[in-house]
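One structure is given here, and the rest of the page talks about it.
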Amino acid sequence: MDDAVPLLRMEGISKRYGGVKALEKADLSVNAGSIHAILGENGAGKSTLIKILSGVVGPDEGRILLDGREVTFASPAAANQAGIVCVFQELSLVPELSVADNIVISDPPQRFGMIDHKAQRRIAEEALARAGAADIHPRALVKDLPLSRRQIVEIAKALARKPRILILDEATSALTAADVAKVFDVCKRLRSEGLALLYISHRMNEIRELADECTVFRNGHNVASYRAGTRSDDEVIEMMIGRQYSHVFPAKPDSGSASKSAPVLEARSLSWAGRLHDISLTLHPGEVVGLGGLDGQGQRELLLAFFGVLRGLGGQVLIDGKTVSIDSPAAARAAGIGMALIPEDRKTEGLMLPMTVRENLSFASLDRITKAGIVDRDQEQELIDDMVRLLAIKTAGLDIPVGALSGGNQQKVVIAKWLMRQPRIILLNDPTRGIDVGTKQEIYQLLRKLADTGAAILFYSTDYDELIGCCDRVLVLYDGAVRRELVGAEITEHALIASALNIEAEGQSAMQEVNA
Amino acid sequence: MSDMASHGRAGYLPGFLRRADPAVLTAFACIVVLLFLGSLYSRNFLSPEYLLQQLKVASFLGVIATGMMLVVLLGQIDLSVPWTITAGAMMACAAAAYGPVGTALAMPFGILCGVLIGLVNGIGVAYLRIPSMIITLATNAVVQGLMVVYTGGSSPQDTATPAMRYVATGSILPGVPNAVIVWALVGIAMVFLLTRTGFGRTIYGIGNRERAAYLSGINTRRVVLIAFAMCGGLAAFGGVLLAGYASKAAQSMGDAYLLPSIAAVVLGGTSILGGRGSYLGTVAGVILITLLQSILSVMQMPEAGRQIIYGIVIVAMLLLYGRTPASR
């Protein structure tokens, strides 16, 4: 395979976001007429690689060679011109427009300055036929199609741009089994037509069936490339893990000691809008429970459901053994429930960036520090001083905009604003994303300290190390349901990844299905 | 980077200005420039009588703009202000026709009508999730219709009560018009509300990031509802004062206040997107707009030319402010 000049080579690609290395000296080589799978856990650099290849972001260093000639893409349109087209995971279709309109949306055929509907329809029909979906009518509105058909239209839209390299980023995650089979047929036919396909998926069985070549990414670097079928699943998982960890985690108490007390929070068959399926769990005072699994398997929705943000929740939530109905964050934080949520995106959900550190810190506690509606400044100052000390928040002052703080300190402010209420149940949605290692470690210590003082902590993280290092138990979610519960020593990277990918790994102990 | 810049600027500014918003300073500078240009035309522009008269005229707009500022801080807008003003004025005058009790309750009744209009707006925006630009425009039309039905299309015969006239035109302190005192009291209450109360904090919080405020456990819908009710009440109060000033209510007396009330708020440095702004800026904006109108009319510019210049100046000033980097 290595004799000819590859269709695409990426050499020494590096990309940093602020202080975070997303890619470091990554290489990738893709041949025409082959399907190349890219593997790696969350944050391994796969999506950054795809973004660079499709012209969404530019690399900090490194070069891209197409047919042996160096190219640079200033925009996705430039990448399209060069024949690189990406089918993104998030659907990019306009629901109110027809299928044909969507397929030609970036470059509609024109006659006398107006859209040539005949040509448009012909292009759409051709593209749909190539995508194996000739049954979709070009004039149908996208909003009338089910999700799996929309994904097919998305692929047809990509094909209409006449790609030489087609990137499928989790393109099958929304599809039914029948549609997945169709997509596979399309992929295989495109391969025989000489296209190169880059296939990103977390589904190992799909990769086994489809891929010719595989490249494993870890920590922003390609660690191994191999011909499909030459490595076992276990070996692949080892390749995805195998790194040295530098995190320092606090010691865990004896496992099981916390779960003997009565649960403070209990969920009974929670479901919501097809995104959460029959989730039951208990959370005891003094324990740190992790939510694991791949990104977007319902972890966020579960936390939002507890916090009263989601409408139309099925099932029951019990606090101290009593059924409660939490219909808003205001209800969730109220006395008697005492819940706090550290949201996912501190810039849009946790903080008001232009407002001062002081205003942000006391914002969730305004009801406690006001008397007859008037802010008691002395009390406010006292509480803020406590929190700044407890979390060691580094700021040039309390009256500067919180947006001027470093990411780690901003995150500390988000946590502090909730700790000020002394919550009994603390929900955290990936709280260490994009912050420095030092602050991460402080947060790990803090979580354990809070648990030791009787708080119950439910902690979603996309970083497996964190789950292993911090949690007494981990619930692994897949497709909106709890797939496995790992307790104490069972929480290993191997077990986490195997259950996140929903495959049976070697040496796996008896399945502990929570929702049997 | 922006940190460095603001520190650098602080270095040569006197202390009391350091914390002031550049937009507020610009607005006050514009006031000084306008007065200077006016004094070139006529020395009377700097006389205490003229300035006090301008302040009195400004106070009606000031009360109305106070309410507008609240909703603009939320990132919303209230386009029902014109007919809320008119309804407040007409309803207060109408109450005056019902004997001594009606006379006594005329002002509160007028304001109450404004609060009710504001509540409708607030329910539409906060609970029904209708964009404020749409619901307040619709409310404006409905209130206009109701007022036309009530008056039969002509200006009502009822007149303002003596109390209304006294509040708008009298002077309890020698030389200081009562209207100015009323505006000062409303303004002080507003400053207190915005800077010292939990409600004020949540207004800024929602204006900056409604989602973050909601996830902080704030009942954001209630805050939005109350803000719109207050805006309606203050607009109607402005209408009551205007009726007292003119001794009676008139059809479409509020129409001239929509653009000025929004412009005053925005010229004063309050972000039209919400979340940022100080009441001092609104005071500056109100005075600026009032002076501009006055100077244009003193120069005996024909009405059409006045409108054109007025509009252009407002757009020019907004562009000037819009170019300064936002703090977010």
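Any Cβ shown, glycine's included, is placed from N, Cα and C.
Note: TrEMBL annotation is automatic and uncurated.
Because the structure is a prediction, the values reported are computed rather than measured.
Look at TrEMBL and you will find B:23-42 (among others) tagged as transmembrane segment. Within the same chain, residues 17, 267-269, 278, 280-281, 284-285, 287-288, 291-292, 295, 298-299, 317, 320-321, 324 sit at least 6 positions outside the transmembrane segment (B:23-42) and bring their C-beta atoms closer than 8 Å to a C-beta of that stretch.
Marked as transmembrane segment by TrEMBL: B:54-74 (among others).
Note on the transmembrane segment (B:105-127): residues 76, 78, 80, 84, 87-89, 91-93, 95-96, 135-136, 138-139, 143, 160-161, 163-164, 167, 220-222, 224-237, 239-240, 243 of its chain, located 6 or more positions outside it, place their CB under 8 angstroms from a CB of the stretch. Look at TrEMBL and you will find B:105-127 (among others) tagged as transmembrane segment.
Taken from TrEMBL, the feature transmembrane segment applies to B:134-152 (among others).
Residues 52, 55-56, 58-60, 62-63, 66, 69-70, 73, 166, 200, 203-204, 234, 237, 241, 245, 278-279, 283 of the same chain, all 6+ positions outside the transmembrane segment (B:172-194), place their C-beta atoms under 8 angstroms from a C-beta of that stretch. The transmembrane segment annotation in TrEMBL covers B:172-194 (among others).
Sequence annotations record features per position, and here TrEMBL assigns transmembrane segment to B:223-245 (among others).
As annotated by TrEMBL, transmembrane segment applies to B:257-274 (among others). Tertiary neighbourhood of the transmembrane segment (B:257-274): same-chain residues 21-24, 26-27, 30, 60-62, 64-65, 68-69, 72-77, 79, 81-82, 85, 206-208, 235, 238, 280-286, 288-289, 293, 314, 317-318, 321, 326, selected by CB-CB distance under 8 Å and a gap of 6+ residues from either end.
According to TrEMBL, the transmembrane segment annotation covers B:279-298 (among others).
Look at TrEMBL and you will find B:304-322 (among others) tagged as transmembrane segment.
Remark: the transmembrane segment (B:54-74) makes no contact with the transmembrane segment (B:304-322), by the rule of 3 or more CB pairs under 8 A. Counting same-chain residues at least six beyond the ends of the transmembrane segment (B:134-152), those with a Cβ under 8 angstroms from any Cβ of the stretch are 77-84, 86-87, 90, 94, 117, 120-121, 124-125, 128, 251.
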